Amino acid sequence: MKLHFTKMHGAGNDFVVLDGIQTPIDFTPEQWAAIADRHFGVGADQLLLVERSTRPDVDFRYRIFNHDGGEVEHCGNGARCFVKFVTDRGLTDKRTVRVEVMNGIATLTMQDDGQVTVDMGAPVFEAARLPFLPEGLPTRTQGDDTQHALQINGRTEWLSTVSMGNPHAVQIVDDTEAFPVLEDGPLIESHAVFPRRVNAGFMQIVDRHSVRLRVYERGAGETLACGTGACAAVVAGIRRGLLDSPVKVATHGGDLTIAWAGDGQPVMMTGPATTVFEGTLDLDALKLTAAH
């Protein structure tokens, strides 16, 4: 069986996008991981599935699968690619669409310059909703932000915890390029205080409207950009009193602009979405079977 796919990226965070409206798809985690494999599959940080919405007030259902095949709650860079995909394929003629994600609704808007703005919703800080188990950890307060300390590779690392629909732990570092992200990232990601694992963000503050960011993503490793990670980092910086909205977030894959008016308000993310190529996936060659 052959399946059409589109390869896209948002600031270097790359995706395989599949139209589950035209061809209903129900892969196992192992099958999703095989497609994402960069040597034996198409290759991607994550895979995006477009489906019909289950709600009358929403345009589409937006599902995200990590490189390891696990389904996750949200992906901001993927959301920008999602709206470009449904627009380019003629699945909608709306400039703004509402999509159903695992834990709520996201609003996506195509701008006249080709950039995409995503209403990421209001950040959540309650530990139980990440989930995060802070009992017994050292704590400190900076501005409106409460941080917790973990011992990682013999260092004390102070983390701000934020959910942007998926869990993030953000720390401020002096130099993102010099910091051992690839060593510390997986230790934070899989630490016992995060029962469902966590995305680990490492932010360098340039000035009050500009930061550099690297993110070690849950189930994907370090990626060139992470939209929800950029949102979480800016929220943490604003709550600490170190940043003012809007903030330019420089990642290895490109720049994102994040705006946030404060607690209880939605985070707005603006950035690029690019179609790289389209192709046909031979499911039999990958030893995959699509369930219809």
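Quick reminder: no glycine exception, Cβ is built from N, Cα and C everywhere.
Here Swiss-Prot flags Cys75 as active site, proton donor. Taken residue by residue with DSSP, Cys75 (active site, proton donor) is part of neither helix nor strand, so it is coil. Shown in sequence order, Asn13, Gln46, Leu48, Ile64, Asn166, Gly227, Thr228 are the residues of the chain, 6+ apart in sequence, with a C-beta less than 8 angstroms from the C-beta of Cys75 (active site, proton donor).
In the three-state DSSP classification, Cys226 (active site, proton acceptor) falls within coil. Sequence-distant contacts (6 or more apart, same chain, Cβ under 8 Å) of Cys226 (active site, proton acceptor) comprise Asn13, Gly76, Asn77, Asn199, Gly201, Leu213, Val215, Glu217, Thr251. Per Swiss-Prot, the feature active site, proton acceptor maps to Cys226; the stated evidence is sequence analysis.
Swiss-Prot lists Asn13, Gln46, Asn66, Gly76, Asn77, Asn166, Asn199, Glu217, Arg218, Gly227, Thr228 with the feature substrate binding site, giving sequence analysis as the kind of evidence. A sphere of 10 angstroms centred on the C-beta of Arg218 (substrate binding site) encloses 25 other C-beta atoms.
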- Message: Between the two most separated Cα atoms in Asn13, Gln46, Asn66, Gly76, Asn77, Asn166, Asn199, Glu217, Arg218, Gly227, Thr228, the residues recorded as binding substrate, what distance in Å do you get?
- Response: 17
- Message: Under DSSP, is Asn199 (substrate binding site) part of a helix or a strand, or is it coil?
- Response: strand
- Message: Using the CB centroid of Asn13, Gln46, Asn66, Gly76, Asn77, Asn166, Asn199, Glu217, Arg218, Gly227, Thr228 as the substrate site centre, which other residues of the same chain sit with their CB within 8 A?
- Response: Asp45, Ile64, Val72, His74, Cys75, Gly78, Val215, Ala220, Thr223, Cys226, Gly229
- Message: Suppose we draw a 10 Å sphere around the Cβ of Thr228 (substrate binding site). How many other Cβ atoms does it contain, all chains included?
- Response: 31
